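A.B. asks: Quick one: the structure is below, and I'll ask about it shortly.
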Amino acid sequence: MHTSIQRIQQTFSQASTVLSIIAAIVFVVSYIQLVVANVWSLPEANFNLRGSKAARRFSRQYGANDPKKGKENVALKFDLDADLSPLFNWNTKLVFAYLTATYDGKRDDIVNEITIWDQIITDKDDSHIKLKGANSKYSLYDVEESFRNRNATVKLHWNIQPHVGAKIYGSLDATKGSIKFPQLV
């Protein structure tokens, strides 16, 4: 006959195995639902740049290594319209959406990407993003001294954080999704 400790250990071992199998099934089924909904080819996000303004900031908080020299920072004003409701199913805990601008670096082999705005969406009812005249959430600055009138391409990225399973990533192209960074005046 087995002791009480061995019986308890066997029960917990079997329960954890069954729960692991159920968790794997939940993740696979919810992933299949996302594939069927074709979430990796959602319609484009409508992005419209309303304005941009460059300024020189003299704080380490704004990226300046030498507070006396300062660093060029850019603030953007934009409109954004995107429907992320197909990303939600019964296993979705939240969707993290963020808008990025990608531009060439000093050398040809360098591509820079900066985050303009982000939002955590916890409910399917709030998943249609409609922003009018929104300001960039973060101070935009480059490791170099200036953006030097560079052009940037805008994309809306998302990642799904499920209740069970691994994160799922994707992105949407933005219509009119380009920015010409202004010159510092």
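All positions are counted from 1 along the displayed chain.
Heads up, the Cβ atoms here are built off N, Cα and C, so glycines get one too.
The shown structure was predicted, so the numbers you read here are calculated from the model rather than taken from an experiment.
Okay, so Swiss-Prot annotates it like this:
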TOPO_DOM  1-16  topological domain 'Cytoplasmic'
TRANSMEM  17-37  transmembrane segment
TOPO_DOM  38-185  topological domain 'Lumenal'
CARBOHYD  ASN151  N-linked glycosylation site
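Looking at the shown structure, what environment does each listed feature sit in?
C.D. replies: With a threshold of 8 Å between CB atoms, no same-chain residue lying at least 6 positions outside the topological domain 'Cytoplasmic' (1-16) comes near it.
Look at the topological domain 'Lumenal' (38-185): DSSP puts its residues at 12 helix, 84 strand, 52 coil.
The Cβ of ASN151 (N-linked glycosylation site) lies under 8 Å from the Cβ of TYR103, SER178, ILE179, LYS180, PHE181, each of which sits 6+ residues away along the same chain.
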A.B. asks: Let me know the model's mean pLDDT on the topological domain 'Lumenal' (38-185).
C.D. replies: 83
A.B. asks: Reported in the order helix, strand, coil, what are the DSSP residue counts of the topological domain 'Cytoplasmic' (1-16)?
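C.D. replies: Output for the topological domain 'Cytoplasmic' (1-16) reads 13 helix, 0 strand, 3 coil.
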